Amino acid sequence: MAPFDLSSPMSRSFHARAILGPKLHDQLPNLKVLIVGAGGIGCELLKNVVLAGFGQITLLDLDTIDLSNLNRQFLFRKKDVKQSKAIVAARTASAFNPNVQIKPIHGDVKDPQFDLAWFKGFDVVLNALDNLDARRHVNKMCMAGNIPLVESGTAGYLGQVQPLLKDRTECFDCIPKPTPKNFPVCTIRSTPTQPIHCIVWAKSYLMPQLFGEDEDSTSELDEAEKQGENAQEVANLRREAQAFKSVRAALRSKDKDTSSSAAKMAFQKVFYHDILNLLSMEDMWRFRDKPVPLDFNLIQSDQFILRGQVTSAIDISADSIPRPANEVRGLDGRPNGSPVGSNGSGPSSSTKSGHGLKDQRSLTLRDNLALFALGTERLAARLTTGKEETILFDKDDDDTLDFVTAAANLRSAAYGIPGKSRWEVKEMAGNIIPAIATTNAIISGLIVLQALHLLREAFDSLRNVHAQFKPSAPLSAVKLSLPNPRCGVCRDAYAFLQCDPSRVTLAEVLEDFDDNLHRTLESLNVTKGKFLSIADEDGELEVITLPSARYRESNHPIDGPPMILPDPLPEPGQRVKSITPRPSTPPSMLPRIQKRPAPDGMDEAQPAKRARIAASSNSSPRTSRRLEEDGLILIDGDESVDEDIVVID
């Protein structure tokens, strides 16, 4: 059979070849591209990259699919819920172009296995992240390896695409990121690390699943089974759906015995069985602390041990440092070793009214269990009356606020995160603004365009593109700025250090250094994927940063040296000294305007390196300062609490 003529108008690549030109188009099948993130932007981006003709694609994402993703992440279906985003997206997108190879990885881009040597295996990196820390990590890896990077982000109708290339453009850390008004929610569902993650999870995921509209997935699972989908995965999804259906039925049952056990069923499903399912994904917990499944009966009987403390002694609103049991007080002022209620299992009298919790008093694990049961029973009673078919969160609704407070604190306890009081939860829980699929589609298309400019080395064509809420000018494009000469990331001198961190000492790497010379790099936490930065004490020379990587044992003799120094050795240049201009206007009169807004919802405004941690004060902090530490930001000049939380893709 004669080979198909690629120049024919019938060829799937005819138009792409005409637009890109024969040279670049013929290179695409051999180019290696890394896409970090398979969410709202990532799904659209993967589709574009596949259809453009990129031949070797690696897709990396840590998250799993949730039901709320399906309205905008079109590569997923209901039968895919709870599965890896990267794996499902790669399987779906492979059908768009049979000539591409997509390698999905369910993992964290900051894991040590994804070191600089791994990053240098790609021709271009495309970011589709919603997390500041991960963005900065990828930026540093690309600056260290001189790898082209395209950064992106969306928030509602707004979006930005920014191509980054070492020594030619500013990097992600060249501009300090302003204090955000948006909150990223990359790890809310699977790996929460902050109290706000647990609060948003309780309000936006758990409440709708238990008290929202019933979304029956039986027909879709039947169809998936007919189409030959993995039988074991379909069976697991059926069990998952059936478990939630049983809990929902119990919450709506008018039978007194069934309704009284509904709270326990919901608790065991969410805080015990679901956590066990997450723990079965061993790769997710290779480099982070595992959550602890909670047991309803053991907590209620004060026999549950969590991180060395019994239930009544666990003040989850306290700091991570354990407090003695006699310093922790319950809702009624008694030591938590005594029963919470009159019968030892129910809520105390101050809990029953629902009004005794509206202050800053901290709650123990046992208190939160009682509050969860009470809130669940009250919400279930409202459903059984028939007056309400569904119940949504309202910060002024005591029942929903009690439920979200307890659920968030229980999840915090399972993950080792400090909890919050009922009043703090009310301050932090607000309306979540959903991402817009159209914005994601526009931004993903612009990402590919900028990536093509980088690959063809058309540097004069690179643009920083903004999608804005202006009908007369929905897109704006500006030329890229040069690197910030005082940037602590892209202005460093990088050199690749191959070594065995368990054998190499600091003295073998550095000269004229006095401290810790006898210690190995491993003992200093300079292991695979980490960076060793060497700074001039006088600050006159640029910082030398050595990305650490293990040498390949197959290419290195057993009796060989434990370290291979870079050749040639890096030569640091003169550091540009910072000059602070004298302001012509008193600081108090300067407007609070950011001329270069960040492209995304950043959760912290920190310098790239040498960050200083302000000393804590013994006095009570302002509400705004406390909320900023928790990830929520207030508008300058307003002492009132901003109750909106914006979740972006």
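Glycine is no exception: its Cβ is also placed from the backbone N, Cα and C atoms.
Unlike curated entries, TrEMBL annotations are predicted automatically.
Taken from TrEMBL, the feature domain 'THIF-type NAD/FAD binding fold' covers 19-488. If you look up TrEMBL, you'll see 37-42, ASP61, 69-72, LYS85, 130-135 marked as ATP binding site. Annotated Zn(2+) binding site per TrEMBL: CYS171, CYS174, CYS487, CYS490, in sequence order. Here TrEMBL flags CYS186 as active site, glycyl thioester intermediate. Residues annotated as domain 'Ubiquitin-activating enzyme SCCH' in TrEMBL: 192-280, 386-426. Sequence annotations record features per position, and here TrEMBL assigns region 'Disordered' to 324-360, 570-628. For 333-354, the entry in TrEMBL reads compositional bias 'Low complexity'.
Feature map: TrEMBL annotations on the structure.
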residue : record              : Cβ contacts under 8 Å, 6 or more apart
GLY37   : ATP binding site    : LEU60, ASP61, ASN127, ALA128, LEU129, ASP130
CYS171  : Zn(2+) binding site : ASN139, MET143, LEU164, PRO483, CYS487, VAL489, CYS490
CYS174  : Zn(2+) binding site : SER481, PRO483, ASN484, CYS487, VAL489, CYS490
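When each of the binding-site residues CYS487, CYS490 is scored by how many other Cβ atoms sit within 10 Å of its Cβ, CYS487 comes out lowest. Helix, strand and coil content of the domain 'Ubiquitin-activating enzyme SCCH' (192-280), in residues and according to DSSP, is 70 helix, 0 strand, 19 coil.
Mean pLDDT for the domain 'Ubiquitin-activating enzyme SCCH' (192-280) in this predicted model: 81. Shown are the binding-site residues ASP61, ASP130, ASP133; of these, the residue with the fewest other Cβ atoms within 10 Å is ASP133.
Local packing around the Cβ, expressed as the count of other Cβ atoms within 10 angstroms, is greatest for GLY40 among the binding-site residues GLY40, ASN71.
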